[in-house]
Amino acid sequence: MNPSEECSEQGTIPQQSKKIPFSTVVTLAYQSLGVVYGDLSTSPLYVYKATFSGKLSVHEDDEEIYGVLSFIFWTFTLIALFKYVFIVMSADDNGEGGTFALYSLLCRHAKLSILPNQQATDEKLSTCAPEVSPDTWESNALKSFFEKHPSLGKSLLIFVLFGTCMAIGDGVLTPTISVLSAVSGVQVKFSGLHENYVVIISCLILVGLFSLQHHGTRRVAFMFAPIVTAWLLCIASIGVYNIIRWNRQIYCAISPVYMLRFLKSTDTKGWVSLGGVVLSITGVETMFADLGHFSKASIKFAFTFLVYPCLVLAYMGEAAFLSKHHEDIQRSFYKAIPETTFWPVFIVATFAAVVGSQAVISATFSIISQCCALHCFPHVKIVHTSSEIYGQIYIPEVNWILMCLCLAVTLGLRDTNMMGHAYGRKCAIRLHAYKLAELSLNYGCFIGATGMVVTTVMFVTTCLMALVMIIVWKKRIIYTVAFFVFFGSIELLYISASFYKVPEGGWIPLLLSFIFMAVMYIWNYGTMKKHEFDVENKVSMNRIVSLGPSLGIVRVPGIGLVYTNLVIGVPAVFGHFVTNLPAFHQVLVFVCVKSVQVPRVCEKERLLIGRLGPKECSMFRCTVRYGYKDLQQENYDFESRLVSAIIQFVETEEDSGSKQLTGSCREIESSAFDVSFAMHRIVGGSNQGKMESSSDIQVVCSDVGNPNNTHLKAESLQILQAKESGFAYILGHSHAQAKKSSSIIKKIAVDIVYNFLSKNSRGPDVVLNVPQTSLLEVGMIYYI
């Protein structure tokens, strides 16, 4: 049985490797509406208002209206449909999306990974995509260029962190303004309602919204999907109504000629107004980031057959109405609604605005989980809320931090007018008829300032996609350059237009982004330096063995598990331990929990076993491998599984060609051993090659205390007897300090920020459910 088949039996095969039934695709597509498309589908509320605010408000004739519609149509079509749906989503990493998924693909194919402890055996994992085509001269040249300039690997990581942190910064602010704007609409009907009540109600809704997240994406999606579906059908129907009633020739406005006329007639005012046009694609990046929550087919299906046509009809219908009602351009959305359906649409719009924040929250969870696995964020608790879709996760710490930040922004800025000043230029138009229209305008100004954040993330994706096309897809340079120039120029145009808002309040999302980026970079820097320290100060096995007689080292019954960051050599913490307490257990296992550059690792490929030192020392090494989307909180009995794996290694050691030394005390490392290769040999080979983990563990462990057992080697029996004596867990408790010669900035980063993050990060003892009663921590200080 090959690893892929084993993964299938365990229910951990990658999504794209399974043929998903059409009914499942439709179900997931329906769920995705409530999670992925909430932000994107509410864009018609404010796009036209934000575009025609400020200096462009004096340009409200048909030429400008047609030009804006042409910009919206082609931006939405080219970026959302062609770039993301047809191209970018094809670059998923075993069903996972987002900038870190693209980065993971590049790391595997171009050896760009900065993750420590990477081994040649990691490339044999079933989830590592094999090379399907030979390298071209372009891919070879680019790989060689990265190999000759290792510093470019760090630069690429910083570039990726910058893009992801911009997305997280936007995720803090979008729920705030969407909820506050929706609640403020109550003042349209109840004009005497004080704004303090609006703020209180908004805060309560925010608390409720984030409290729902622990139910998981699936349940939240089923609650929110009907709202977004009803909203899309409403705006599409209203769009068709307005086209038929007001301007049946509005489809002519999609001609690119109107874009050129618009820029020519409006000059710099038109260029600045493009910051409002970009609002039509603010939720597109979350489509790719939320890919793991559903599936590629379901997200493509939902967007192509429902979201895209509904939004296009909505934008065209509103433009048709405006072509006959220039005076209503600042309240066009609600004025275009037929009077008899105003209140039902208003209620649905209010709920849709609240739901719109869900896409950003889910995308933030996905980003943070990938950052943790790639050593770019402190390890936090990640809860997988679905047994079928691996990307559906919930992160409690991040959820409550986001909620607190959202509440702080809501209480700090209080009303939508102040929020508008914080996120965009001051709206000059004073409305007298509909206060809700003024509300939507301020909402548009807010999101308009975040347009720079969104387009920056899109540009980062474009740059990474260009590298993926050459290195992974082996495309010719001409196609890659065409892709980069075409889409990159569009995004740079919108970035330049949105950059105008930075001095007037757009600095707030930027500030949040840089704070997150500083945290990620400091954590990655401290983690890498700690690993360098461990490598430089690892202890030779010769020294450990030679010190035995002088220190009076004794072996006590039981199995000792020493957690280390190294896959080769003895960690310094163990040398420190035996120097101060010259005794260790009858069987010693050095356990290294590490991440690999794949989304997930099959259970059968989870453990790598090797022997450390001479055979009579009974020392082993176990490498526990996790992908960046795996749940690093196992429910099975890790100790029993580990013992089973070690026995498998011992029983098949000679057959697998492992290196062995007898009578020698020099350090050796056995060849990496995948425990799935010999499971049937341990249980007698009577199951025709079928391997079930839980039953295998029970069979092996039941041999303990059976004096008549003869089919196991003496060393295997010794290991089983040691298991009966119990386990002890030895964990290094390292404390980082900056060197005295370091700068003040480095001392603050290491001594304060990194150590604070380390104390609040989840260690390997939590990952593997280590009982605290058997845990022994050995303190060490290392200098960076």
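Each Cβ is built from the backbone N, Cα and C atoms, and glycine gets one as well.
Unlike curated entries, TrEMBL annotations are predicted automatically.
Residues annotated as domain 'K+ potassium transporter integral membrane' in TrEMBL: 28-426, 448-545. According to TrEMBL, the feature transmembrane segment maps to 65-86, 156-177, 197-213, 220-244, 270-289, 301-322, 342-368, 446-470, 477-500, 506-523. Taken from TrEMBL, the feature domain 'K+ potassium transporter C-terminal' applies to 557-784.
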Going by DSSP, how much of the domain 'K+ potassium transporter integral membrane' (448-545) is helix, how much is strand and how much is coil, in residues? 87 helix, 1 strand, 10 coil
So which residues does the transmembrane segment (220-244) touch in its own chain, when a touch means Cβ under 8 Å and the partner is 6 or more beyond its ends? 30-35, 37-38, 41-42, 44, 212-213, 250, 306-307, 309-311, 313-318, 320-321, 336-338, 341, 344-345, 348-349, 351-352, 355, 358
Long-range Cβ contacts under 8 Å made by the transmembrane segment (477-500), restricted to residues 6 or more beyond its ends, are 75, 78-79, 83, 87, 138, 271-275, 277-278, 425, 448-449, 451-452, 455-456, 458-459, 462-463, 465-466, 469-470, 506
For the transmembrane segment (446-470), out of 65-86, 342-368, 506-523, most C-beta pairs under 8 A are with 506-523
Do the transmembrane segment (156-177) and the transmembrane segment (301-322) come close, with at least three CB pairs under 8 A (pairs 6 or more apart in sequence)? no
Going through 65-86, 342-368, 506-523 one by one, which has the most CB pairs that fall under 8 Å from the transmembrane segment (270-289)? 65-86
Please give the sequence-distant neighbours of the transmembrane segment (506-523): residues at least 6 beyond its ends with Cβ less than 8 Å from one of its Cβ atoms. 158, 161-162, 165-166, 168-170, 172-173, 371, 375-378, 405, 422-424, 449-450, 452-453, 498-499, 749-750, 753-754, 757
Could you tell me whether the transmembrane segment (342-368) and the transmembrane segment (301-322) have 3+ CB pairs under 8 A, leaving out pairs under 6 positions apart? no
